[in-house]
Amino acid sequence: MDTMGRHVISELWGCDFDKLNDIDFIEKTFVDAALKSGAEIREVAFHKFAPQGVSGVVIISESHLTIHTFPEHGYASIDVYTCGHLDPTIAADYIAEMLGAQTRETIELPRGMRPIEVKKAQAL
């Protein structure tokens, strides 16, 4: 079935505290992940929280990559959404590897497959 895009959502557990808390490392990892997948980078924005944690986004011509880290839990949530021919798993796999994730739970959603008709339930 044709889709407009693919959206990979990953829960990363058992990640290294220092990596999850290092804004420069996270930003470089995400830029590298986008480039490895063949994406064209448009904008990059990351923020470091106190006392810990990083959130950020890499906007690509084909959509986006995002992260929210919780170093105190060894946890990061990532989204990689691509349109067109790009494979989002390339970037998601690279990010999980770079963060040293011990456990990874991932789902992939096809996006833009056409509107879904939802019918109202009939009362009995």
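Each residue, glycine too, has its Cβ placed from N, Cα and C.
The annotation active site, schiff-base intermediate with substrate is assigned in Swiss-Prot to S63. In this structure, S63 (active site, schiff-base intermediate with substrate) is part of a beta strand by DSSP. The number of other Cβ atoms within 10 Å of the Cβ belonging to S63 (active site, schiff-base intermediate with substrate), over all protein chains shown, comes to 21.
For H68 (active site, proton acceptor), the same-chain residues 6+ apart in sequence whose C-beta sits under 8 angstroms from its C-beta are G53, V54, S55, A76, S77. DSSP assigns H68 (active site, proton acceptor) to a strand in the three-state reduction. The active site, proton acceptor feature in Swiss-Prot is assigned to H68.
As annotated by Swiss-Prot, active site, proton donor applies to C83. Classification of C83 (active site, proton donor) by DSSP places it within a strand. All protein chains considered, the CB of C83 (active site, proton donor) has 17 other CB atoms within 10 Å.
Feature annotation from Swiss-Prot assigns pyruvic acid (Ser) to S63; the stated evidence is sequence analysis.
Note: the Cα of S63 (active site, schiff-base intermediate with substrate) and the Cα of C83 (active site, proton donor) are spaced 6 Å from each other.
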